[in-house]
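Notes follow the structure.
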Amino acid sequence: MANPTQPLPNQWNEMWLVAFGAVPGALVRWQVQNDLLVNVIGAAILGLVVGLPFRPSRQLLLGVGFCGSLTTFSSWMVECSTLISQGAWLSALGLIGLTMGLGLGVAALGFLIGWQFRPSGLGR
């Protein structure tokens, strides 16, 4: 029986794919320094990646690795919490609504664009 704390051999490949995708995502995130912008861009890219007929390895590299390190939930929540602590409740709620609305919208748009590139026999 395999040790549950020890990754299986094929999991190493998956971990490397995520790591290789995460490095450029983190570098872009570090340069942009705008939570709303990176979250919206990341949602659009992730929607596209999910919509396109990519192999799971590419989804790990681009979706989990790149988009996962590009986007930020914790910084967004800190920004909202800071607004709330300053008494700017409406601004915090606006930021939450704007980020979620734009994120869902561009993710759906990216998915629909990617879906158009699927062969007709592949889930279309």
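Each residue, glycine too, has its Cβ placed from N, Cα and C.
Look at Swiss-Prot and you will find 8-28, 34-54, 60-80, 93-113 tagged as transmembrane segment. Residues annotated as Na(+) binding site in Swiss-Prot, with sequence analysis given as evidence: G68, T71.
Spatially close to G68 (Na(+) binding site) yet at least six residues away along the chain are V18, G21, A22, G25, judged by Cβ distances under 8 angstroms.
Cβ neighbours of T71 (Na(+) binding site) (same chain, under 8 Å, six or more residues apart in sequence): R29, V38, N39, G42, A43, L46. Residues 2, 38, 42, 57, 60-62, 64-70 of the same chain lie 6+ residues outside the transmembrane segment (8-28) yet bring a C-beta within less than 8 angstroms of a C-beta in it. Panel annotation: around the transmembrane segment (34-54), residues 25, 28, 62-63, 66-67, 70-72, 75-76, 79, 95, 98-99, 102-104, 106-119, 122-123 of the same chain, lying at least six beyond its termini, place a Cβ under 8 Å from a Cβ of the stretch. Proximity of distant same-chain residues to the transmembrane segment (93-113), defined by a Cβ-Cβ separation under 8 Å and at least 6 residues beyond the stretch ends, is recorded for 35-36, 39-40, 43-51, 76, 79-80, 83.
According to DSSP, G68 (Na(+) binding site) sits within a helical segment.
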